[in-house]
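Okay, structure first, notes after.
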Amino acid sequence: MDLRAGDSWGLLACLCTVLWHLPAVPALNRTGDPGPGPSIQKTYDLTRYLEHQLRSLAGTYLNYLGPPFNEPDFNPPRLGAETLPRATVDPDVWRSLNDKLRLTQNYEAYSHLLCYLRGLNRQAATAELRRSLAHFCTSLQGLLGSIAGVMAALGYPLPQPLPGTEPTWAPGPAHSNFLQKMDDFWLLKELQTWLWRSAKDFNRLKKKMQPSAAAVTLRLEAHGF
Amino acid sequence: MALFAVLQTTFLLVLLPLGTYQRKVSSEPLPLTPESLKVSINSTCQCLNLQWSVHNLPYHQELQIIVQIQISRIKTSNVVWVGNYSTTVKRNQVLHWSWESELPLECATHFVRIRSVMDDAKFPELKSWSKWSSWEEVDVQDSLGHDTFFLFPKDKLVEEGSNVTFCYISRSNQNNISCYLEGIQVHVEQLAPNVSTFHLSRVPFVRPKGTNIFCDVTQGEDPKGTILYVSKVLEELKDFSCETRDLKTLNCTWDPGSDTALEIQPSQSYTLFESFSQKKKVCKHRNWCTWQVSQDSQEMYHFTLMAENYLRKRTVHLVFKLTHRVRPMTPLNFFLENINSTNATMTWKVHPIGNSTFLCQVELHHDGQIIQNKVFMEMNGKYLLSEMEPDTHYLARVRCAYGNHFWKWSEWIGRKFTTLEAAPLAALDVWRNVKSVPGGYNVTLFWKPLSKFHANGKIRFYNIAVENLDKPSQFNLSILAPSNNTALILHKYSYQIRVTASNSMGTSPASVIVISGDLGDKDIEEERVKGTEDGFSLSWKPQSGDAIGYVVEWCDHPQDPLCGLQWKKLGPNTTSTVITSDAFRPGVRYNFRIYEVSTKWIASLLEKKTGYSQELAPSDNPKVAMGSLTSHSFTLSWKDYSTESQPGFIRGYYVYLKSRMEQCTSGFERTVLSDAPANCEHKIDNPEQKTFTVENLQPASSYEVFVTPYTSTSKGPNGTFTKVTTPDEYTHMLIRIILPMILCILFITIVCYFKIQWMKEKCYPDIPDPYKSSVLSLIKSKENTHLTIMNLKDCIPDAIEVVNKPEGSKTQPLGIGKSLTETEFTKPATYLYLLPTEENPSDPGPCVCFENFTYNQAASDLGSCGHIPVPPDAPPSQLGLLNSPENLLKTLEKDYTNTLGEISAGETSLNYVSQLASPMPGDKDSLPTDPPVPAQCSEYKMQMAVPLGRASSPPSEDSSLSSIALLDQGEHYR
């Protein structure tokens, strides 16, 4: 391959441009650090695993509550359960969320849901159900830690719980046990929706992190010159 | 009248003030009238709580009163409950009373009023009801809130089997509301314009999380629901018992029954209360509780166990003396010592309880059975187990009870062990099977293994000592257990055989058998015995009178090569026995041999028996061969049929005959049984008769025959009938004539075949072939090289024979010019001599002419094949063209092919003229001088078909000699 003088200058200019932009790629800012990509992937995988695990747990628990909660077509409008974090969001709003806000919402939601779930576990009458709930809580705790890891990798601070806002699972005197069962139903349903949303969130984050990998490839090619 | 009016007015004036007083009295409150009635609602228990006081009691002392309470629902006139409440009251005392409503109180307005009456004989003046209090209204609907729908009661707790009424208040549309119990819609009744109720009867327990009742109010709203907690009924406490193991701690146990825990109700709690000490303990466990025995030597205890949940309490009492509830702890340090073949010593210790003695029980088990059982006051914790069997597994165990007062045994403590072996107790049961072989015997010894009782341990080997009684000698054998037989080959002497069994501790007594030098096989007739399901009952007659016993021998599996030899030894005074075996099967023949054992231990055959435990029907039918068939009889034969291999003794045979005749033939009887395969049967009672002749049959008739054997049980299986057709009466006569004839013809044919050459030579010899003629060799031998076989082309015709049938002239075409043949028609034939025959025309030439009359009958009528003279005036010019043989042949062939198609059938006949070979061309010149002998030239050389019709036509230049046969000088043979 013979290079003319003009070509050499062009290549040099290209190389300089790439090198100039390399510091701007977050994934390349840490030497030897693989970046948040693997963490996001692991978080995504954990989310899918929890989705699968919840399907089994919810079936058992809703049977424990009895009809109508375990009926497949039971789909009441959510009017109560105000304290539960809502997973449903307008698609445009969801798309416009930045990474930090997206991750913060996930972290906060699972913090609350985990707390409620532990309350559920305390009330469960059967040992088998308690074991299943405890296992799921452990997995959910793992997801929370994973999200915290991604946030730390991206340099985002963890949200601090406001004092006195720790969610509790003590029904008030006016709160009937039927409504309590409704809350349990909504907790499981909301948890399911959150896991589904999180899978979307982390998939989006995963895709968003891919350009950094392209940059690495580009750098390697340039180095080869 | 006036007087009456005055009196009336006066009376009224008197009464009026009295009535005024009365009214004044009645307007004052009566002393027992309830006051300050207040009614409130407790939603949890759906109770109306009433509170009132009685201010105006006339006395300061406490009084017994009865309070009547009236409760109405929705409106005052709708009284739903009236009842009395008896209590004591003091002046200004506030009274309380509660009423549980079936209908949730939130769903309807309730009204309450009360009145009271003195219930004390000391105050008879107050023995009338006070005034009713005013109606007190209770309505909580306004305080429910702003929701449009309410369902009551909320989270109610009831026992299983209760009846519960639910109600709902709907402030919107009532019609679209459906309510469900665990997903199943319930029937709702309207109680008031906005209130509806539904009733659940005998509610069951569903789950600890409660039974869900919910109502679909409207689309887009949460289902409104409530939970009915149905608790299992707290059961009566059963099996409450307390005992101590050390007089320090009491352990009380009971059967807790089912758990009544629900989401809103914990499991029932258990509390132990002791009355004498007034101590109470809440039990942590569901079915047991410990109680520390007080140090103050309390002897009597009165316990009350109380189980309790939100809905019910159960109690049970137990009074006992502490020392009467002592169950010692499990003995310890249990050992088995000095174990030998029959004895062992067991030792143990008991946890001491004060200075008390203990009652102990010792058990010895073997194979799950109690062998020994002993109860005694324990002195030193030692017991000798005796009378055990050698080499046997045992379990020894002990337990103890409190000696002062028996309450319960402690748990067992024990150990398994095995006693040591001892020498076998009994002699082996030995039998033999002797088979004579050239020069000696094959003796197979069999023995039955010793029973566990007699073996006293594991038998290691069997010892066999064989002693020759005739020539003093002995040899020993050892057979390893568990073998149970051995084979010996002995000479023809008498032997004494002693068999013993050995284990690790010793040898059994010997079992003796003597094999005599003379087997003394006797021809004993076999006797049949009838077996039953219980076995074979055999009996025999003693022979010698000094027998020391008898042996019955048989095979369990007689069809197997190994046979499974069995024997049974019987005492000298026994002459009958019943042989039983699990191996006996129906339909199998068992052979029994009964031996008598002499004082010299020699067994000699006494009797033979054979029989079946159960006879069965024959398994197969004989294959019947047919023979001696005549028009009136035939013979059946089944000599190959084995009666021995049948599953029963063959008693005879049935012969069945089917025919179209209505009557059975003589010897056969008509059967009436439906299972008979044919209507005519003949019974043969002798099983050895295996032939039968069916007689008196109709000639030329079809019969079907079938033979089946029978046993005492039944006949043989159904089989196929054999068809037999009797021949015609004359058939056999015909056979007697035709058969010899056929044989004769066959003989003649064979003879002819072998003598065909001779026949041929005699009847139709071969036409001689000149080339193969012996003349040739003769010629050669004479070295006459000029003599040879004539070839056709070398044959020069010298005469023409015109052959004509006499009637052929009639069909001769007319108008043809006169020719040389015209004048010859009167003659039968004319010869034209083409070659000069000056010397002698009648001499035979070198060629001989044959006429084949097979093809010309007309010609054959001529009767001769001799030369027919031709008129000498025949013009030679006509013949000149034929001088050359080639030309002549060409002409002939051409003419022949042309004329063949022109001759009509019937008008012509063929006259073949044969020509003998003429001399070789090279010899043409010498032919006249030396003609061959006619006899040497008598073969066909060539045949030509000559149309006769044309033969009579005058020859023209073109067609010249179409009907002329070319002849050389020679003879005509017929």
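Note that Cβ sites are derived from N, Cα and C of the backbone, with glycine treated the same way.
What TrEMBL says about a protein is an automatic prediction, not a curated fact.
The region 'Disordered' annotation in TrEMBL falls on one of the ranges B:685-713, B:859-887, B:946-974, namely B:946-974.
Sorting each residue of the domain 'Fibronectin type-III' (B:618-729) by its DSSP state yields 0 helix, 40 strand, 72 coil. The domain 'Fibronectin type-III' (B:330-422): residue composition by secondary structure is 0 helix, 51 strand, 42 coil, according to DSSP. Helix first, then strand, then coil: DSSP counts for the domain 'Fibronectin type-III' (B:520-616) stand at 0 helix, 49 strand, 48 coil.
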